[in-house]
Structures are given as C-alpha cells and as structure tokens.
C-alpha cells in the first residue's frame with residue numbers, strides 16, 4: 001500500500017479505522033502522518049446512510065474518539081471542530097473496506113450504502129471523485145458480487161498476491 005503510486009502522489013487521504021475482521025489500517029494511518037499527508041476518517045450517522053470524512057490531527061488522535069454501538073471508533077456528533085473533507089479541498093484517495101469484491105471493481109459493503117452515497121457527493125465537489133482502493137483479503141475476492149444501480153465501482157482492489 002505504502003509503495004503504491006496513487007498513495008505516494010496523494011496528499012488528502014480518507015481511510016477507515018479497521019474492525020477486527022478487516023485489513024488492519026493502523027500502520028497505514030501512521031505512515032500518512034509520517035509522510036506529512038492529511039488523514040480523514042469516516043463518521044457514520046447510524047439512522048441514515050450519511051457519512052462524512054473528518055480530519056484526524058495525528059495517529060494518536062484516534063485514542064480520543066468515541067466508540068459507536070457498532071464498535072467503531074469515530075468522532076462524536078458534537079465534535080464540530082474537525083474539517084470535513086468535502087467542505088475543504090476534497091480528497092485524492094479513499095481506502096475502502098468491504099465484505100466481498102470482484103475483479104470488475106464491484107464491492108459488497110455492509111448494506112447501508114455509506115461509501116456509495118459519499119462517492120456521489122465527491123463527484124459534485126470541484127475536485128471530483130477521488131481514486132478508490134479497496135483493502136481486501138484474498139478470500140474476499142469473488143467471481144461476482146451483487147450490485148445495484150446505486151453502487152459505485154472502485155478503481156482498484158489491493159490484496160495479498162494480487
């Protein structure tokens with residue numbers, strides 16, 4: 001991931017804070033800060049499919065985040081001081097989680113459409129849609145995954161031995 005050309009050239013990067021069954025992102029987050037890039041993480045609104053990408057100030061900032069009912073760390077609702085990526089300079093790159101992927105760029109998420117809805121909002125930003133890379137385990141690569149007209153394909157899937 002760290003040697004990937006899109007990662008190297010990106011300055012504003014959104015990345016998920018991994019759940020136990022996902023590719024672990026902690027070392028990538030540390031590298032984002034080490035390289036002087038800007039790091040944004042998701043804040044989900046559980047009662048809708050709305051998600052924002054909010055800026056982290058450091059890798060250590062993660063320890064100040066609240067744990068949601070889904071067991072995900074994210075900035076609390078009353079945390080209004082953080083920059084939202086689309087309110088500022090947009091994003092260059094989004095690392096995306098998922099449950100399953102196919103080699104055509106289709107992604108099976110957890111069913112709420114958070115990332116698809118966010119990517120639609122990105123397309124309306126002057127900067128346009130950021131490059132999207134899914135982080136996956138080889139076992140998550142399928143022949144095909146079900147998609148709807150609202151699903152936004154991802155640009156690339158990184159997994160072991162790809």
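Yeah, the Cβs are placed from backbone N, Cα and C, and that goes for glycine too.
For reference, TrEMBL has these:
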BINDING   17, 22  substrate binding site
BINDING   107, 108, 109, 110, 111, 112, 113, 114, 115  ATP binding site
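Features as recorded by TrEMBL, highlighted on the structure.
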residue	record	Cβ within 10 Å
17	substrate binding site	18
22	substrate binding site	16
107	ATP binding site	24
109	ATP binding site	17
111	ATP binding site	8
113	ATP binding site	19
115	ATP binding site	25
Cα separation, residue 17 (substrate binding site) to residue 113 (ATP binding site) (Å, whole number): 17
From binding-site residues 107, 109, 111, 115, the one whose Cα lies nearest residue 22 (substrate binding site): 109
Alpha-carbon spacing, residue 109 (ATP binding site) to residue 17 (substrate binding site), which is rounded to whole Å: 15
Closest of 107, 111, 115 to residue 17 (substrate binding site), Cα positions, binding-site residues only: 115
